[in-house]
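**Q** Before I ask anything, let me first share the structure, which is written out below as structure tokens.
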Amino acid sequence: MPDSDPIAERSLQMQASPEFQRLRSRFMRFIVPLTVLFLAWYLAYVLIAGFAPDFFATRLGDSYITVGLLFGLAQFVSTFAITMLYSRWANRVYDRDAEPLREQMEHAAMVGGR
Amino acid sequence: MEEINPLINMIVFGAFVAVTLFIVFRVSRRKATENEFYAAGRSFSGRQNGVAIAGDYLSAASFLGICGAIAVAGYDGFLYSIGFLVAWLVALLLVAELLRNTGRFTMADVLSFRLKQRPVRMAAALATLAVCFFYLVAQMAGAGGLVALLMGFEGTLATSITIAVVGILMIVYVIVGGMKGTTWVQIIKAVLLIAGAGIMTLIVLFMVQFDFNELLARAVEASPEGEAILAPGLKYTNPVDFLSLGLALVLGTAGLPHVLMRFYTVPSAREARRSVVWAIWLIGIFYLFTLVLGFGAGALVGPETIREAPGGENAAAPLLALALGGPVLMAVISAIAFATILAVVAGLAITAATSFAHDIYASIIKRGDVQPGAEVKVARITVVVIGVIAILGGILAQNQNVAFLVALAFAVAASANLPTIIYSLFWRRFNTGGALWSMYGGLIACVLLIVLSPVVSGRETSIFPDADFAIFPLANPGIVSIPLAFVLGVIGTLVTKQSADHAVKQAEMEVRSFTGAGAEKASDH
């Protein structure tokens with residue numbers, strides 16, 4: 001490996017730069033609540049299934065569809081919804097913000113003579 | 001089951017093997033570079049990789065196991081499938097892209113990126129090999145168990161021969177085709193599996209005039225448990241144990257090394273994201289199919305017939321196929337079940353071989369000083385060794401109840417791998433001490449708790465029914481081992497010293513993971 005200090009220095013600089021800080025905190029602000037939300041929702045589902053099965057056994061009217069079945073299908077719906085929400089956000093917002101920073105890092109790498 | 005026609009089954013299965021072998025040989029390169037052998041030259045598109053991920057992930061347990069569980073125990077089988085799906089959100093939101101940006105071939109690449117190379121790489125490689133081993137033996141033993149059911153063979157010898165055939169095919173796919181060949185096998189299998197399940201789902205729904213309520217009504221009528229199949233509680237009777245399993249499923253997927261390795265086969269983080277989106281849709285839709293197929297098998301075949309069939313619950317989907325479309329459809333579905341096992345074991349074998357050759361041989365033993373081509377050679381030899389171990393393990397375990405091994409693999413992935421992945425990506429202070437404590441702690445806790453659980457001793461269904469050292473009451477260690485590994489990561493970090501270049505390496509990894517600067521590019525040859 002040639003002298004690796006330039007990458008190290010650039011990385012430290014980049015990490016400290018307001019643009020990068022903004023990118024990272026934007027990512028965290030989007031991801032963390034969403035993660036807490038889906039984990040809590042899944043945990044709630046498993047706990048109800050385990051400790052309150054009678055609630056899940058409740059039938060809707062005189063059909064054979066139960067509350068538990070609807071909750072289960074709702075897990076599918078929420079998973080698909082979060083997937084699309086994240087993918088739209090990442091494609092439109094995150095990539096747009098991250099791209100210039102990547103170019104900046106890689107451009108500096110070329111100028112830096114590596 | 002006299003209706004089984006082994007000849008049709010064999011022809012359909014033989015056709016699958018012939019087509020996949022043809023493709024594997026076509027895409028193979030004798031002088032493959034590491035990039036080609038381990039990561040298929042990073043040349044797959046996000047969509048292709050998404051289909052391959054579904055092919056890698058949807059094991060026979062997902063198809064035959066979940067259909068059977070729903071057919072016999074109703075709601076609890078469905079409950080099980082949901083954990084497998086929701087888990088993908090962890091991979092999508094927290095792991096896939098950042099990992100694609102920072103690693104080259106293996107999980108250990110990412111974990112040792114900013115920490116002390118050799119010890120962390122060793123721990124990550126051991127965790128990788130442990131997960132692959134547990135999962136592989138479970139799949140192989142399961143493959144043997146399916147023979148009596150699908151091909152009409154019986155007896156230990158026939159089962160052992162089938163396990164050996166599965167093992168040998170796996171070795172050939174991986175040695176010849178590397179990651180590219182393995183990926184194509186997984187893509188073909190995923191298309192067949194999802195299409196097969198989809199066609200059966202349509203036929204079932206057609207029979208009830210697309211009235212799901214009517215399907216449930218018939219399933220309730222056919223079941224000795226009656227309405228109890230519409231609610232939880234028939235299969236998982238201990239809610240704490242199920243919570244423990246649920247945690248391992250949802251947090252384990254994003255730590256499964258063979259899943260993580262798939263993200264390196266695409267050219268960029270953006271494609272890795274697209275792969276997961278595709279995988280989530282395919283896997284989710286597939287589990288919705290199994291809901292219809294499970295209740296369909298309950299209604300049309302009946303839980304009692306399924307329980308008494310060779311293979312028990314696993315027979316639900318093939319018997320449903322027989323009821324719906326006669327011996328030909330059953331042959332097709334049976335062959336697909338076999339293809340499923342083949343694709344999954346091939347994915348595991350290449351992951352284990354890559355980890356051994358790249359992490360242990362090249363990076364730890366040779367300290368990165370390897371001749372060009374030597375690493376891939378070692379990987380190919382490792383595939384043979386792993387294949388032989390898997391065949392022997394599968395033959396030895398064929399009469400055991402090995403379902404716990406899959407749960408154990410997920411528990412190890414969630415305890416030994418996920419905390420360190422999350423901490424190294426998101427916690428700046430996290431250091432080598434924390435990684436080692438968390439990985440070894442999580443791994444040892446999982447294995448120890450399983451040994452001390454009713455799975456191994458103390459019950460009639462245990463591996464050693466005559467002994468009793470089961471002091472841990474749950475069959476799933478996750479509820480203890482996962483929090484423990486997270487806590488050990490924190491304690492280990494706090495009580496050990498940071499290395500001198502901690503801040504620099506951390507900055508390098510963080511900038512690279514979030515921006516993609518310097519990430520491995522596709523190679524076009």
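Just so you know, glycine gets a Cβ as well, placed from its N, Cα and C.
Annotations for this protein, taken from TrEMBL, read as follows:
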- B:6-28: transmembrane segment (TRANSMEM)
- B:49-72: transmembrane segment (TRANSMEM)
- B:120-151: transmembrane segment (TRANSMEM)
- B:157-176: transmembrane segment (TRANSMEM)
- B:188-208: transmembrane segment (TRANSMEM)
- B:242-264: transmembrane segment (TRANSMEM)
- B:276-301: transmembrane segment (TRANSMEM)
- B:328-357: transmembrane segment (TRANSMEM)
- B:378-397: transmembrane segment (TRANSMEM)
- B:403-425: transmembrane segment (TRANSMEM)
- B:437-457: transmembrane segment (TRANSMEM)
- B:469-495: transmembrane segment (TRANSMEM)
**Q** Which range out of B:188-208, B:242-264, B:378-397, B:403-425, B:437-457 gives the transmembrane segment (B:49-72) the most CB pairs under 8 Å?
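**A** Result: B:188-208.
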**Q** Same chain only, please: residues at least 6 beyond the ends of the transmembrane segment (B:157-176) with a C-beta under 8 Å from a C-beta of the stretch. Say none if there are none.
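**A** Result: 17, 20-21, 24-25, 28, 140-141, 143-145, 147-148, 151, 182, 185, 338, 341-342, 345-346, 349-350, 353, 380, 383-384, 387-388, 390-391, 394-395, 398.
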**Q** Of the listed stretches B:6-28, B:120-151, B:328-357, B:403-425, which one has the most C-beta pairs under 8 A with the transmembrane segment (B:437-457)?
**A** B:403-425
**Q** Which sequence-distant residues neighbour the transmembrane segment (B:242-264)? Criterion: at least 6 residues beyond either end, Cβ under 8 Å.
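**A** Apart from its flanks, the transmembrane segment (B:242-264) reaches 38-39, 42, 49, 52-53, 56-57, 79-80, 83-84, 86-88, 90-91, 94-96, 99-100, 103-107, 127-128, 131-132, 135, 183, 236, 272, 275, 347-348, 350-351, 354-355, 407, 409-418, 421, 474-480, 482, 520.
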**Q** For the transmembrane segment (B:120-151), find every same-chain residue at least 6 residues outside the stretch whose CB is under 8 Å from a CB in it, and list them.
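**A** Same-chain contacts beyond the flanks: 4, 6, 9-10, 59-61, 64, 106-108, 111-112, 158-160, 162-163, 166-167, 256-258, 309-311, 314-315, 318, 334-335, 337-338, 341, 344-345, 348-349, 351-352, 355-356, 359-360, 363-364, 386, 389-391, 393-395, 397-398, 400, 402-403, 405-406, 408-409, 412-413, 416-417, 420, 432, 435-436, 439-440, 442-443, 447.
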**Q** Looking only at residues six or more beyond either end of the transmembrane segment (B:328-357), which have a C-beta under 8 A from one in the stretch?
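**A** Non-local partners: 3-5, 8-9, 11-13, 15-17, 20, 37-38, 55-56, 58-60, 63-64, 105-108, 125, 128-129, 132-133, 135-136, 139-140, 142-143, 146, 149-151, 166-167, 169-171, 173-174, 178-179, 182, 185-186, 188-190, 192-193, 196, 200, 257-258, 261-262, 317-319, 321-322, 375-376, 378-380, 382-383, 386-387, 390.
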**Q** Who are the long-range neighbours of the transmembrane segment (B:276-301) in its own chain, taking Cβ under 8 Å and residues 6 or more past its ends?
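**A** Sequence-remote neighbours of the transmembrane segment (B:276-301) are 46-47, 49-51, 53-54, 57-58, 62-63, 66-72, 74, 77-78, 81-82, 84-85, 88-89, 91-92, 96, 190, 193-194, 197-198, 200-201, 204-205, 207, 212, 215-216, 218-219, 221-223, 229, 316-317, 319-320, 323-324.
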**Q** Residues sitting near the transmembrane segment (B:188-208): Cβ under 8 Å, six or more positions beyond its termini, same chain?
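**A** Long-range Cβ neighbours of the transmembrane segment (B:188-208): 16, 19-20, 23, 51-52, 54-55, 58, 63, 214-215, 218, 282, 285-286, 289-290, 292-293, 296, 300, 317, 320-321, 324-325, 329, 332-333, 336, 339-340, 342-343.
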**Q** Do any residues, 6 or more residues outside the transmembrane segment (B:403-425), come within under 8 Å Cβ-to-Cβ of it, and if so which ones?
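**A** Apart from its flanks, the transmembrane segment (B:403-425) reaches 59, 61, 65, 90, 94-95, 98-99, 102, 107, 110-111, 113-115, 124, 127-128, 130-131, 134-135, 137-138, 245, 247-249, 251-257, 397, 434-435, 438-443, 445-447, 450, 455, 475-478, 481-482, 484-486, 488-489, 493, 509, 513.
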